[in-house]
Amino acid sequence: MIMPQTLHVHSRVKDYDILFTDDVLTTLGDCLGERKQRKLLFLTDQTVYDLYHPLFQDLCHRYTAFVHVCPPGGQSKSLDRASAIYEQLITENFSKKDMIITIGGGVIGDLGGFVAATFYRGIPYIQIPTTLLSQVDSSIGGKVGVHFKGLTNMIGSIYPPESIIISTRFLETLPQREFSCGISEMLKIGFIHDRALFQQLLARPQIGPYQGLEDLICQSIANKKRIVEQDEFENGLRMSLNFGHTLGHAIESLCHHDFYHHGEAIAIGMVVDAKLAVLKGHLSQEDLDSLLQAFECYQLPTSLEKNEVSAQALFDVFKTDKKNSDQHILFILPTETGFTTLAIAKDDQAFVKTLEDLL
């Protein structure tokens, strides 16, 4: 697959484009159009700001621009940080026609989108994802939100950006651990929806760098685009993208969005979901072994450290998961040809023992 210049995403809220470029400044200027004269808030984290300080200097020189720099890590995805951004927008007299532009990974994209969705009941924003995970997954589909009381993505909405600008050049500075986290999401969508993609990733001989992955990145993005266009509000097909996320989000919550990175927690969650699928007869042991092999190839964890988090603690967090329905906890299980769901009653204490055996 040759990487296109543009993918157009149809949305019931508003359509938007995914733009592939090697020249972020020019592409951003084209996206802004008449908004070049408006105020812009560039939202980033300290890591990205330090790596690309000349870029931010150039942006502030070209536009009426302000920069908000967050501490790196998942703890910035909070109402407290959103409040600090609201205060800056108010201080700088931003109007409903002014814009937020996120430059960073999934935390920055989700946080900036949440602020954009809620400030003045909605202002425009553009995403410029800088990590592999955010490029292939979190920036696409309009999900925005923050953590609350330690619980993952508890407050949020569906609020698509004006555009998503993707440059794989950002991946040149990506640490190996973050690269593997992005691969985790690519393996997820491949295992459920595109086994050819999964097999290509499994057959890839080296862990990094990203060069040579452009086609697979584009293939992952095209898969995500297709799914969110068919089921934007997660009533059916898009639920499949929660493979690994019930357990993964619980791990993140219990580890304070710090110890495990998102792609790592989701990898552990996918292993448990796949083991459940084998127990229920939906998946072969051979497929489970392939998934384990893929995670090991990319140095992703396949289990929790011993006694790190108890099965009971995880089960208690499951009860607050936003995917729950009718007093049931929902798991997404892979099958030979796609996915199915498993509903566990919130009072099913017997499942705690099953979970303990699978961890």
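Note that Cβ sites are derived from N, Cα and C of the backbone, with glycine treated the same way.
Over in TrEMBL, the protein carries these features:
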- Gly106, Val107, Ile108, Gly109, Asp110, Thr130, Thr131, Lys143, Phe170, Leu171, Glu172, Thr173: NAD(+) binding site (BINDING)
- Glu185, His245, His262: Zn(2+) binding site (BINDING)
- 70-180: domain '3-dehydroquinate synthase N-terminal' (DOMAIN)
- 182-324: domain '3-dehydroquinate synthase C-terminal' (DOMAIN)
Binding-site residues listed as Ile108, Glu185, least Cβ neighbours within 10 Å: Glu185
For Thr131 (NAD(+) binding site), the three-state class that DSSP assigns: coil
Residue with minimal Cβ packing [other Cβ atoms within 10 Å] among the binding-site residues His245, His262: His245
Tertiary neighbours of Phe170 (NAD(+) binding site) (same chain, Cβ under 8 Å, six or more apart): Pro129, Thr130, Thr131
Among Asp110, Glu172 [binding-site residues], residue with fewest other Cβ within 10 Å: Glu172
Extra residues within 8 Å (Cβ to Cβ centroid of Glu185, His245, His262), Zn(2+): Leu133, Asp137, Ser138, Cys181, Ser184, Lys188, Gly244, Gly248, Gly263, Ala265, Ile266
Nearest of the binding-site residues (Gly106, Ile108, Asp110, Glu172) to His262 (Zn(2+) binding site), judged by Cα-Cα distance: Gly106
Chain-internal residues near Gly106 (NAD(+) binding site), provided their CB is under 8 angstroms and they sit 6+ positions away: Pro129, Thr131, Leu133, Ser134, Asp137, Ser138, Ser139, His262
All-chain count of other Cβ atoms within 10 Å of Thr131 (NAD(+) binding site): 28
Pairwise CA distance, Asp110 (NAD(+) binding site) versus His245 (Zn(2+) binding site), rounded so that it is a whole Å: 16
DSSP-assigned states of the domain '3-dehydroquinate synthase N-terminal' (70-180) in counts, ordered helix, strand, coil: 50 helix, 30 strand, 31 coil
